[in-house]
Structure formats: structure tokens, C-alpha cells
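Student: Handing you this structure, nothing more for now.
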Amino acid sequence: MSIEIRMPALSPTMEEGTLAKWLVKPGDAVSSGDLLAEIETDKATMEFEAIDDGVVAQILVSEGTEGVKVGTPICILAEEGEDANAAPPAAEPAKPAAPAAKAAAPKPDPVPAKAAPAPAGAVPAAAAPAGDNRVKASPLARRLAAAQGVDLATVKGSGPNGRVIKADLGSAQPSAGTPAAAPEQAAPPKAPAPVAAQDVGIPHEAVKLSNMRKVIARRLTESKQTVPHIYLTVDVRLDALLKLRGELNASLEARGVKLSVNDLLIKALAVSLMQVPECNVQFAGDTLLKFSRADISVAVSLPAGLITPIVVDASAKGVAAISTEMKDLAERAKAGKLAPEEYQGGTASLSNMGMMGIKQFEAVINPPQAMIMAIGAGEKRPFVIDDSLQIATVMSATGSFDHRAIDGADGARLMSAFRDLVEKPLGMLA
Amino acid sequence: MADQFDLIVLGSGPGGYVAAIRASQLGLKTAIVERENLGGICLNWGCIPTKALLRTSEIYHYMKQADKYGLSVEKPAFDLEKVIARSRGVAKQLNQGVTGLMKKNKVTVYFGDGKITGKGALSVAKDGKTTELAAKNIIIATGARARDLPFAKADGKRIWTYRTAMTPPEMPTNLLVIGSGAIGIEFASFYNDMGAKVTVVEMLDRILPVEDVEVSDFMLKALTKQGMDIRPSTGVQKITDTGKGISAEIKGADGKVATEEFSHVIVAVGIVPNTEDIGLEALGVKTERGHIVTDPTCKTNVEGIYAIGDVTGAPWLAHKASHEGIIAVEAIAGQHPHAMNKLNIPGCTYCHPQVASVGLTEAKAKEAGHSVKVGKFPFIGNGKAIALGEAEGFIKTVFDEKTGELLGAHMVGAEVTELIQGYTIGKTLETTEAELIETVFPHPTLSEMMHESVLSAYGRTIHF
């Protein structure tokens, strides 16, 4: 099954770009991470990496082409072992069933074949083989499907008697959608199989997904389907941190800096990751990457979704610097003006829903990272201090850990370090 | 109490009456409102009567060339009144045909000026009397009319629109045709074949500007060879009726202005949609540059109001209107019709030689980002064309290089208006070059050139 590579969105605002240079040619074998092409946006020239293994079958957009819209197919990757040149001939009848090799691959069930819902009264062509297995499709649709690596049996045809026509393929998301396109190894599936638009029978509006929404869908599905999460929750007293914040803000006022609780938590997470380096890691198939720097991705909510700008080397930065940097990143994130390197990467994430009154939650790990800290609301709670019931400002923090890379005990040590830093905040300033 | 219907169609041209018949087939109680003649411009004052005239000029052309076929004709001549009478007779026959179709399909016909007076309400005014109609849905199919020049109103004396040109009070001797679209070129061809001296001016840099540039170039040469004076990049600035003729100020391609004399002038500079006085403003029906804006099922921005045909914009063709009528009615009846694909609407010009095309021109295909394969086959390579004595013309095909999709076909030559449907079916069925190459075409026919043109695009031409 071939994989269609589409023009990537290399920045949140990118709508189109120039295909500056191809770094591969038809026949080249590429593996995940290899550079495919140089792509020029209005801001910069960036390298575009392969995320799949395969052989370049066909270049669809030639070098120097300007104004290539994001999402436009730019080349076709054939899977290894597949003849790169062997696009099935147009006349070949659609496969009645998945070939054995494909069937053996572990994969979620594809969208249930909704081939041509044979309407009552449809007269099967005399020569039609075995009735229902015949997929009705126009010659052009067959050819396009072959080129895109789409199984026609999974496409809902809008032509007469459910015939698949060109327009039906325009909306299919081949490389993103067909599970069969996923490599057999541990490589993550590309995206949830698109549930083809169906008559749901409920009044609704069908809104086309934005690129950001597609990325979110793909990454979160990848995370929940391939990363075994464990969740560890601690309650943390905030009183000392709030007091320190007040004191710091009073002295920082002259510099125009106002620390938020979140700024301090970024610092706390970074320092605790440095203290428990077993949690500052990344699972990478055969290897484990152990980072010697803590870069914290901070979830920033946008009207159209979410983005995670990164505070690089946050443990080494002063809280005032973190605060200033975070303010700038958040503003530019909301304006859609972050450069890719400002939101791609990071060694762990922080997601804070406290301001929305959420008591406690479990966040989805942001792959390929191995942990994310979910912060709940700081609230006054009855709290046992020195064996007596008192009132304290407490928040619940929950770490989600990639259990392939991080053992529960190490995760627990990180949570404990984090709690200690927040409860005795001078420790993180030292 | 208003007469109650499921659907009212305003206008009975090829869009409106077809919509009414389809509505009736689907069980809708349907009314149609017409201010003039059933069948609209198309069969009363457009497509059909001009074809009758052009048939006359074609036969006349052959009579003058009888010797070429081994025949002798003594002094070919014509009687203009009889020529016009035949054309009017054809129009009348078809008009009666539509009357019969309305009856057969139980469509109630109201004659008069229709005006939408509110949601689902329409009044028909005739001779001071008003009839009120009501329906859940209304289809606007009011068509279009000829555009006037800003400096000269067509008066039917010496300044003609298509209507006078179809029923000329006298035979022009020295005719100026302004505009080289299908209408201008067809009349130019008719009057040229009938013996008038014909000059055609076109503002744009080529005639038949919607066609492929190779077709325009070919037609420029062919019409010039027939004795016409064809002037692209030329504009008329002023027209004066001198009583004896027409004096026209013409700005040529070189930018120089000269005054020239003609006997008559035909104005064929486009059309204006008929959107006035039908109640659109009060309902807030959205228009853009005069044309009603519709969605893929021909629905306007106002619930229950649909619009089809010329009044909704290009291409201004009867068959486009008819097809939109079907789409609108099927949508109203709760079916899910496919949206009109404008790239699958063929266009025909019945000059001599004929022009027909469908889909993208080569230039437009490239503009749209396709890398193309182009095939071309000349009439001189076709046995039937030579036998007919019609060896001028060609068939050009444009394919997407990557997918083999047939993007467009462009033809000029004898009978090509009857051939284009082959490619249109191919496009609608989404055939690629493979199916067209495998198709067996009958011999000897002009259609073999359609095959050869496809073969040519893939370097496989047999007969050239």
C-alpha cells in the first residue's frame, strides 16, 4: 500500500509554501526521520522529514513550485517490498478482500466497508463478479485511488448507485486515514480513521478540520493508542509558594514583572526533572533518550485548539526570566506567530486547568515526550497538619508517565520532588 | 384565495419548462408563469430559429459550390421573406410542442408578468388583472436579454439585436457585427454566406474568446478566407444612424480611430440577466453583478427560492439551464442531485465551420496547475471529411498527464456540434485516456478523429 505525503504545515500560520528542493528522487529508500525536501514558507526555509519508511514512488510536485497549499499531495511513498512502479492498472477490479499480508498486520479495524450500498432495484451488470464484492468506481477514480493508496471499498460513492467518482476521493484522507498505510512496526498510526461523513440523522453542521485540529487528533490518538500511561497524583500545599510569589512580585514590580503561579510551577517541574533524571527521558524504540536539560512545553489554549510553546532549559532560568518568556510565547501563540522550533520539542509538558476550577485531571502525554504534569485548582481545603485539622491552600497535581520509559517508583519520586519544591519554594530558587 | 401549488416556476425557457416537467414527474403540483412565449428565448428567439436560418445559409453555400460536387445549379438565389418564414415556422412548431408538453404533464400555465410578493407567494399580472399564486417553493428562471451598447440603443431599424437579426426587415449589404461570441459569429456567418459584406469587431485580442486559442486562431483564418473582415482588439466608440446607413467610429488595434460606413449593425456584446421587477429586492435575494447567487443545488439565500439558467450566470447556455432546472427540482423533492460541474457543459457555435468544446482549454488547464498531454488531429486526415468535401478543421484533446483525466476537448470543423457529446459522456463518466483508446469508433465517420486526437495525445496516431 503506498503512502501519500502531503505538504506539511511547518508553522501554525502556514497555508502554503514553496517546494524549494527535493532531497530524494524516485527509487530512493527513505526511513522515518530522513530528510525529504526543503520547504520554504514566507518566514524561512525548513527541512521536511519522512515519518514513514518506504521507497519514493513518485514526485508529484516539482522543485521550485510556489504556492503549494498545505495538504496538497507532494510525493508518493511505496512501502518496502512493494514495487514502487506498480500502481495497480486502472482496469484491475478492486480487491474483494484485504490481501493476507495486510490482514496480518496489527491494525485497528478500518472504517467498515461501506462499498456501494446496493440500492433496491439496482441491476447488477451481467458480468459483475460475485455481486456485492464489485466496487463501482469510475476509471478516473480507480486510477486516483491507486495513486493515493486508497482502498476503494472504504470510500462512500456519491455517483449513481453508489459509484465512486473523483469528487469522493477528494475528501478521503489516504495517508492519514487508511490504517493499512501504517507500517507494521511500532510506528504510530497516523490518525484516527476518518469516520466518513454519514447521514447521522441529527441536525448538524459539518465543519472541516483545521490543520491544527488534525495534528491534535493525530498526536493524541497516537499517544493514547501507543503509549501506556500511568497516573500519579499528589496533593500539594500552596501556601508557601503563594506567600513567596507575593514577596517576589512586590520586589519585581519595579521591573514590570508579575509572576504567575504557573511560572513558578514551570520552574518547579524543570528542577524536579533535573533532580529525578529518570523521568526526563524519551522512549525511542530500541533506545531511551536521557535528557540533561529540562525543556518544559506549556499548554496554551487557543480558540482553534491548543499549542505547547517551550521554555527551554527552564531549570537554569530565573523565575522572572521564565515569566517574561512565557508571556511573550503565549501572546505570540495566540497570534499564531510561533516559529516551529518554539513549539516542537520539549522534554516534558505542563498543563494547568486550575484557573478553570478543575480540581484534578489526567493529561494525555504529548509524544514523543514521556511525561506531562496536570495541575488542578489551588483551593482552601481542610488539611491535616501536625495531626490537627487546619485550613490550607492545596492543589492536586497528577503526573502522566510513559510506562515504557518510566517506572512507577521513579514517577513517584518525581511527584514527591515536585511537591517538596512547591511546598518549600526557596529550594527551587537556590 | 391564492391558487395553491407545490412549485411555481417563473419563466418557461429551456430552464423553466424542463424544471416544470421534472417536477411533475416527481409528483409536485406545478405552475409555470410566462410573460411571452412558452419555450422562452431559446426556441422562440434564440437557439432554434437561428439554426433554421443557418441551415438555409448552409444549403445556399453548398448550392454556390455545386460544381465542386459535380452538380450544376442555375444562379442560386433566395427569397428573404421565405427564409424568415421558415425560421418562424420552426419556432412556432416547437412553441406548440412545449404547450403540448405542459398539458401532458399537467403543468398549469399562467401568462403574464410574474412577481414574487412574499415567501411562497407570487402574483401574475396580465391586462390589468392580477392572479395570486402560492407555493412552498419558487424557481426563478427569467433568463437574460441582450446587452445594449452604452452609446447606442438597438432600435430594430439599422441597429439590431439578435431579435431583429433573426427577422431582418431587409437584407443588409454591408454589415457590422459588434462582438465575436457565439451569437455574433453565428449571425456573421449567416449573413456572409447569404452574400452580405461582413465586418466583425471584437474588443479582446481574439474572436470566440472562451474557446481554446488554437480554435480562435483557426476561425480567424477560416472566416477571413470566406471574405469576412475580422478585427480583434478593436472597439466601436460611436454609432450614428445617418438615415441611409450607419456611421461607426472604430478604434483599431493600432489605437487609431476611423469613421466607417455600414448598412446595418448587429450588437452582440453579451447579456444582462432579467432580475428587475420580479420582487427580488423585497425578499433580499442576493445578487452579484446582476446575477442571482445560488448554491450547488441552485438555492438562493432565501429559503424556498431557487434560481436557474442565465439569470444565475455563465455559461449562458440553454442546456445548462435545463440541467440546473432538474437539479433544483430534485433538491426540492428531497433527492440529492449532484451539483453541476461546469467543466462538463459543452458549448457549440453553429458558424461555418462549426465550433464545439467542453472542459478546460489547454491554457486554462495549465493555469489550474495541470501538467498536460495534448492531442490534435486535423480533418484532412479523415476519410469521411474528405468525402464530404469538408477537410478543414481539427480536434484537440487535453489530458492531465498524471491521471489521464480528460480535461477538455476543442473542435472546429463540419458537424463537430454533433460530435462533442461523445467527449461529454466520457468526461461525465470520468473516463481516462485508456477507455477512449480502447473504444471502437465506426468507420467511416468524422468521429474517428475523436479517437485519433486521443491517440495523438499519447503519441499513437494512426492516420497522420
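Each residue, glycine too, has its Cβ placed from N, Cα and C.
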Student: Of B:GLY100, B:GLY112, B:GLY270, B:GLY279, which one shares the NAD(+) site with B:GLY179, B:SER180, B:GLY181, B:ALA182, B:ILE183, B:GLY184, B:ILE185, B:GLU186, B:GLU202 in TrEMBL?
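Tutor: Same NAD(+) site in TrEMBL: B:GLY270.
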Student: Of the cysteines B:CYS42, B:CYS298, which is paired with B:CYS47 in the disulfide recorded by TrEMBL?
Tutor: B:CYS42
Student: For the domain 'Pyridine nucleotide-disulphide oxidoreductase dimerisation' (B:345-453), what does DSSP give as the number of helix, strand and coil residues?
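Tutor: Reading the DSSP string over the domain 'Pyridine nucleotide-disulphide oxidoreductase dimerisation' (B:345-453) gives 40 helix, 34 strand, 35 coil.
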Student: Among B:CYS42, B:CYS47, B:HIS443, these being the recorded positions, pick the one whose CA is nearest to that of B:ASP310 (FAD binding site).
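Tutor: Out of the listed candidates, the nearest Cα belongs to B:CYS42.
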Student: Highest CB neighbour count within 10 A among the disulfide-bonded residues B:CYS42, B:CYS47?
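Tutor: That would be B:CYS42, with the highest Cβ count within 10 Å.
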Student: Please report the three-state DSSP label of B:CYS42 (disulfide bond).
Tutor: helix
Student: Tell me the Cα distance separating B:HIS443 (active site, proton acceptor) from B:LYS51 (FAD binding site), rounded to the nearest angstrom.
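Tutor: That separation, Cα to Cα, works out to 28 Å.
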Student: Would you identify which of the recorded positions B:LYS51, B:HIS443 has the most other C-beta atoms lying within 10 angstroms of its C-beta?
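Tutor: That would be B:LYS51, with the highest Cβ count within 10 Å.
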Student: DSSP three-state call for B:GLY114 (FAD binding site): helix, strand or coil?
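Tutor: In the DSSP reduction, B:GLY114 (FAD binding site) maps to strand.
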